[in-house]
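Enquirer: Pasting the relevant annotations from TrEMBL:
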SIGNAL    1-19  signal peptide
DOMAIN    15-229  domain 'GH16'
ACT_SITE  Glu113  active site, nucleophile
ACT_SITE  Glu117  active site, proton donor
Amino acid sequence: MAAILLIFLLMLSFPSMNAGSPPSPGYWPSTKFRPMSFHYAFRSLWGFSHQSVDQNTLTIWLDRTSGSGFKSDRPFRSGYFGASIKVHPGYTAGVITAFYLSNSEVHPGFHDEVDIEFLGTTFGKPYTLQTNVYIRGSGDGEIIGREMKFHLWFDPTQDFHHYAIFWSPKEIIFLVDDVPIRRYQRKSDATFPLRPLWLYGSIWDASSWATEDGKYKADYNYQPFVAKFTSFKAGGCSAYSSPRCRPVSASPHRSGRLTMQQYKAMKWVQRYHLVYDYCKDPKRNHALTPECWN
């Protein structure tokens, strides 16, 4: 009897094990944008010998000699940015696969960045999907991250899934297969990216911090580590658009405000699959992240 009670209590403690799939968001913003050819919208940035494109699927890889990265041709001041991504299975500790917005080349040492990052893992443990926002140099020097981390409700190594960042003048929304997983509001100009950003992707060695705070490092006995990207989508106001350019929406509302159904899906993800929230970390100095208490 005691053993049965213990199993029941463990099931209550780990609801995500039986949570299944998220509720339908009721709206699918990815369907509002056409896929783009990689060669039409992007250019290789580094690790040229560690990239290949076949039928509009980009493959990039990391081995002991190099990783690889790419960048959009145009900067944006708002928009929807998505790609279908499949990451490497097995031992990937220390390896980062990233899809993100940044202006680090234009503002070195004082840049803005909005990240979707797959943090590599060890055998038998799930990938961690990290979302993050850096503002005006908070990712340079003394790091002030705004991380929220998730264990997904599927295995991202088995198939392609669509990951996206919606960035408007009012908020940033992170989406997985059109399900909102995080909303970051503009509560002040000081805590929100307002300068033009480019879209990037990369795979690289971040052994110093990526997996359990650097406990596990990249092991090149398992190289190459491969990531695949396809169905690239980017739409919105480029930095060259007219000032009258209207930001795109992540919902049926022209204002971009999420629907109640989208909120319900997001709350489900955060209830069952959120594993870290910087605003709830007692070790963080929240005087540096005022959006947590404003």
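All residue numbers here begin at 1 and follow the chain in the order shown.
Heads up, the Cβ atoms here are built off N, Cα and C, so glycines get one too.
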Enquirer: Across the domain 'GH16' (15-229), what does the pLDDT come to on average, as a whole number?
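Expert: The predicted confidence over the domain 'GH16' (15-229), as a mean pLDDT, is 95.
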Enquirer: State the count of C-beta atoms found within 10 angstroms of the C-beta of Glu117 (active site, proton donor), not counting that atom itself.
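Expert: Total other Cβ atoms inside 10 Å, all chains included: 21.
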Enquirer: Which chain-mates of the residue listed as 'active site, nucleophile' that are at least 6 residues away have a CB under 8 A from its CB, listed by sequence?
Expert: Tyr100, Leu101, Ser102, Asn103, Ser104, Asn132, Val133, Tyr134, Gly139, Pro193, Leu197
